[in-house]
Structure formats: C-alpha cells, structure tokens
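Per Swiss-Prot, the features are:
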- 72-83: compositional bias 'Low complexity' (COMPBIAS)
- ASN198: N-linked glycosylation site (CARBOHYD)
- ASN267: N-linked glycosylation site (CARBOHYD)
- ASN283: N-linked glycosylation site (CARBOHYD)
- ASN330: N-linked glycosylation site (CARBOHYD)
- ASN353: N-linked glycosylation site (CARBOHYD)
- ASN394: N-linked glycosylation site (CARBOHYD)
- ASN452: N-linked glycosylation site (CARBOHYD)
- ASN519: N-linked glycosylation site (CARBOHYD)
- ASN523: N-linked glycosylation site (CARBOHYD)
- ASN586: N-linked glycosylation site (CARBOHYD)
- SER17: phosphoserine (MOD_RES)
- SER72: phosphoserine (MOD_RES)
- SER79: phosphoserine (MOD_RES)
- SER83: phosphoserine (MOD_RES)
- 26-90: region 'Disordered' (REGION)
- 1-106: topological domain 'Cytoplasmic' (TOPO_DOM)
- 128-662: topological domain 'Extracellular' (TOPO_DOM)
- 107-127: transmembrane segment (TRANSMEM)
Amino acid sequence: MAAENEASQESALGAYSPVDYMSITSFPRLPEDEPAPAAPLRGRKDEDAFLGDPDTDPDSFLKSARLQRLPSSSSEMGSQDGSPLRETRKDPFSAAAAECSCRQDGLTVIVTACLTFATGVTVALVMQIYFGDPQIFQQGAVVTDAARCTSLGIEVLSKQGSSVDAAVAAALCLGIVAPHSSGLGGGGVMLVHDIRRNESHLIDFRESAPGALREETLQRSWETKPGLLVGVPGMVKGLHEAHQLYGRLPWSQVLAFAAAVAQDGFNVTHDLARALAEQLPPNMSERFRETFLPSGRPPLPGSLLHRPDLAEVLDVLGTSGPAAFYAGGNLTLEMVAEAQHAGGVITEEDFSNYSALVEKPVCGVYRGHLVLSPPPPHTGPALISALNILEGFNLTSLVSREQALHWVAETLKIALALASRLGDPVYDSTITESMDDMLSKVEAAYLRGHINDSQAAPAPLLPVYELDGAPTAAQVLIMGPDDFIVAMVSSLNQPFGSGLITPSGILLNSQMLDFSWPNRTANHSAPSLENSVQPGKRPLSFLLPTVVRPAEGLCGTYLALGANGAARGLSGLTQVLLNVLTLNRNLSDSLARGRLHPDLQSNLLQVDSEFTEEEIEFLEARGHHVEKVDVLSWVHGSRRTNNFIIAVKDPRSPDAAGATIL
C-alpha cells in the first residue's frame, strides 16, 4: 500500500505539475534525500516579486524541477502511462557536450570570419580618410550681397574651408566689392551655430567710442568735422577672433582669397554705381576720387575696378595678423592721422585697447523653434519681443492678409519703441532688466492686450527715443557641409562711412552717428540716456544676424537670416519669420512678399512697392497713415530642413546672390 500511495503521489505530480518533463529527461538523477535549497528561492523573491513567481522565474523553475523524484525502474515507468516521462540510457552530459562542441567549432569559424572582414573594411576606410581624396557628402549654401563674394564663399568651402573660413573670406570680399556698405574700417557682428553640438556663440566687433570723445563735442561739431564720427574699427579683430575659434584653413590663406579679388579686379555692381553717383562732389576728397572715380565720372555697372591697395593691406594682415592693424604700425598711424586731420579725437591707444567680444546670443521660443539674435547693444531682444506678441494672435492662413498686416504694424510699433530703450549694458545695468522684460512671454501678453484689433493706436503705447541706425550694411549667410551655420552683418554706417580714406585705401566708419544726443535730429526726438555718448561705449545697433533652430532635438528647420536698413531691418526680419514659421510659406515666397515698417518719428506706416492699393486702403481705413516707398530693406536667407539646404537672396537686391553646393 505504501508503494501504491507513493506511485499515486508521483502520478499526481505528473498530471498536475506545469513542468514539461521532456525538458528534464537529460538531468542527472538526484538523491531522494537531497534537501531543498529554499534560501536562494526566498532571496530571489525578495529581490523581485514578479520574477520570484515559479510560473515566471526560470531559475525557480529549474530548482523546483530538481526536487522531483524521478522513476527508478522501467516497471515504474510503465505503471505511469499518463506521465510524459520517458526513460533514457544516454549520458546526457556527454551527448550535450559533443553537440555543443560541434556548434562551438562552427560558431568560432563564423565569428572569426566576420571579425577579419570587419577589420579589413575598417582599415580600408581609415586609409581612405587619411590618404584618399577629400570628399564632401553634404550640401552647403552661401548668400551675400554680391555674386562675386558668394562664389568666393563657395570656393572656400570646396577647398575644405570651414563655414567660418568662408564667411571671413566673403565678408572681406564685400569690403572690396561693396565698399559703400562694409570694410576694414568698420565693424559688425557674427552669429555662429554648431548644429552637432547644439551650441551658439556671438562675436561682437561693433565699433567703440574713442576715449577722448565727449557728447558736447559731437553735438557742436559733428556736421563739420567728419573725423568725430569715426569709432574704433572692429572688423579685423572680430574676423580674426572668429577664425581662431572656428577656422580650419590658415589665416593667411583665407585672406589671400579676398586679396585676389582686389588684385585681379571685379565688376562694379549696380548698388555701388548708384551709391557713387549719389555722392555729392563737395563730400569727396581727392584720394576718394582717385580711388573710385579714376575717369572723373562714376563708373557704370559692370565696369572693371581694381583695388591693389587693399590687396596689399590684406597681404600684410595675412602675414602679421591683427597686430598690424591695432598695435601702432603704419596702418594704425594712417587711420589715426586721417581721422584727426578731419577733426577727430581717436588715438593709437584707442586701437590698442580694442577687443572683440565673444558672448551668448539672446533667444526666444517661437512656434516650436528657438530664435537666436544678438544681445544689447544690438536690438535682438526687441525682435524676439515682436515675435512673442505676434504669437498670441490667431495668425493662420484663414486670417485675411489685411488683418494680419494691421496686427504686425501695431506689434512693430511696440517692438521699435522697446528697441529705442536699449544700449551698451556695460555702461547701464538697467538695460539687462529691460532685455529680460522683452524676452518674457508674460510681458508680451500684457503688451498684446493693448492692441486694438480694428484700429491703429493714435499715439505710441510706450515712450519713443531717438532711433537712427546704419542704413547700409553687408550680409553674409553660410550653411556649410561641416554642419555650422554662420550669419554675419557688418557696416560702415552711412554709405562709404565718414568718407575718409587712408593712403592704404581703408575707408573709415561713421558709427558715432548711432549714439543719441540732444537736438541731433530735425524732428528733435528725445535723446536716449541708455544710448548716450561715453568713452569706450558701443552705440545702439540694428545689425541683427539671426539663426533659427528646432526648439527640441536636432531634426527640423534651420534658418540663417540677415537684413540691412537699420530699424527697417528689424521689421523685415519679423515679417519673414512670421511667413516661414507661422504661415508655413517657403523661404523664397517669404522674402518676396511685401513688407511694412512703422516710422515712429513721423508716425507714418511705410509700405514697399509690393503692396497693392487694396491693402493700402484697408490699412488707411484702420487709421494708419500710409507712405509707399520703393524698398524698405533687403532680407537674405538660407534654410535647411533635415538634409535639404537652399540659399535665397531678397529679390529686391540687384546684385545679391545665393548659391547651393549639391
């Protein structure tokens, strides 16, 4: 009976145990009195209750399987017909070992072959990288104000130059081909974004006031002494700083690209011919005439012009670096002498004390994108404030263009008033507080609440101070195969700056006009204390190179934008960003569409030639005083969406060009 009871218990085990006994017939027979290893089971359950469940934990399953008593005879096996157990006389370990041995031999051969192949491919790739011809597998794009400089930027990229190398060469080229807009005697700002690292830096090389410059001196004599308008040029220091940070080719080689343009000659652009024709004879020095009007008359578009003087200067800078410009050499002495001869107060010490600034751009999130722009004394915060205000309106394709234009006009009135309160934060700590307010979404909502949807405000919502910026500026926009984006805007302020030119051919800027002082303008606008004249200070600036990237992640739309036209450039950038990011228009259409700009001093709403009479009538019905002009500003751009890149110039510019590397 005891034997029958035991058999009955074993049959019950075979019938109700969840164990598949075909999987344990090769296990060795265990002594019946072997104690159960209960402690390890408890430890595993303590670690993870779910994995400790015998139905789910493979370790627990195997341990419980070892506790089952296996039949000891064939008769016992036969007495359990319902059991799935089968007797085996093979040595389970020897059979398994032989089978594993075979499998291991085959696996070893396969793994060895794969490793050998992979090693060979890796060695070949490394040798190709180090000894093969260099190759570029991605696209690139260049946009500048002159076709010759755009092609030069492409040339630098094709010779394995970095995006910043291309930007430096193209910017120096514009100082040669478009001397009315930019040059070695001016300054600017460059915004660089590294897509792979998702990092951005801004190089600020805006001109600074000479140490001996005083407000009362400017107020009394600025119209008769052009030398007073000359600030310490930052162009050479800024471009060299950018190259030190991001350059790939040697500095001398980058400058040699631009020097070749000056030496070999270039075709006079339509814009340069127009600017020279508009220069009044009394404003031209004899040296200026010899340089730009060798025949005694303004050159025609397309005529060939050589600048061997600038080629020589660039050769010197390529060999000696910025020290040749700032450290008291011949170039420094010439610039100081030229400015002082025309009533200026700039000194050699001002040049030696100058430094370019490397800082972070200001940023704001707009429609799922991060907009990056220069901080004060530049007006990037006002640009972001305009976008923050517009973001709260229901601007979709279903909203009429006329209604959208009204909202844009009222928003820009606020943004430009905010811009007039900015200046150099090094000299006024309240500017940082003003900047923070401009970047605030809460503040934007408050300002938006003061905009009437159907009627123009009869007077500015905020106090407006004197607004006057450089009307001419040169733009360079690069999206390189190295996954860098570069946006740069530079200027001499007025066309040809101060009109003063050194014996070496360097035109000097007139950037001190961007400061504010009493009774400077004909309409007697209130001067801005934040932008008052002080030694070493940098004046308010509307140079706004702007980069847009996805707010999250690396995939999506990137933009590089620039504009000229001073305050009108801020208005233009705002409307282009609105068209691309809110209304989902392509970049070409966004740049071509008509733009407006509220002139706060005259209380006129200026619109360009692209506006229809119906649109003008609608705006006038809303209370706007509309003035139609030919062109407000040029806004160029480049766009990258994933791996597709396009370069687009503003169609209003007769000379600008965009080119894409395929």
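Backbone N, Cα and C atoms are what each Cβ position is placed from, and that goes for glycine too.
Note that this is a predicted model, so its numbers are computed, not measured.
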Relative to the Cβ position of ASN586 (N-linked glycosylation site), how many further Cβ atoms are located within 10 Å?
-> 13
How many other Cβ atoms are found within 10 Å of the Cβ atom of ASN452 (N-linked glycosylation site), counting all protein chains shown?
-> 11
Could you say whether, by DSSP, ASN586 (N-linked glycosylation site) belongs to a helix, a strand or a coil region?
-> coil
From glycosylation sites ASN198, ASN353, ASN394, ASN452, the one whose Cα lies nearest ASN283 (N-linked glycosylation site) = ASN353
Kindly state the mean pLDDT of the topological domain 'Extracellular' (128-662) in the predicted structure.
-> 95
Would you mind reading off the Cα separation of ASN198 (N-linked glycosylation site) from ASN586 (N-linked glycosylation site), to the nearest angstrom?
-> 24
ASN267 (N-linked glycosylation site) to ASN452 (N-linked glycosylation site), Cα to Cα, whole Å, comes out at 50
Cα nearest ASN394 (N-linked glycosylation site) among glycosylation sites (ASN452, ASN519, ASN586) -> ASN452
Based on Cα distances to ASN452 (N-linked glycosylation site), point out the closest of the glycosylation sites ASN353, ASN519, ASN586.
-> ASN586
Would you mind reading off the Cα separation of ASN519 (N-linked glycosylation site) from ASN353 (N-linked glycosylation site), to the nearest angstrom?
-> 31
Fewest other C-beta atoms within 10 angstroms, as judged across ASN198, ASN267, ASN394, which are the glycosylation sites | ASN394
Please report the number of other Cβ atoms within 10 Å of the Cβ of ASN330 (N-linked glycosylation site).
-> 13
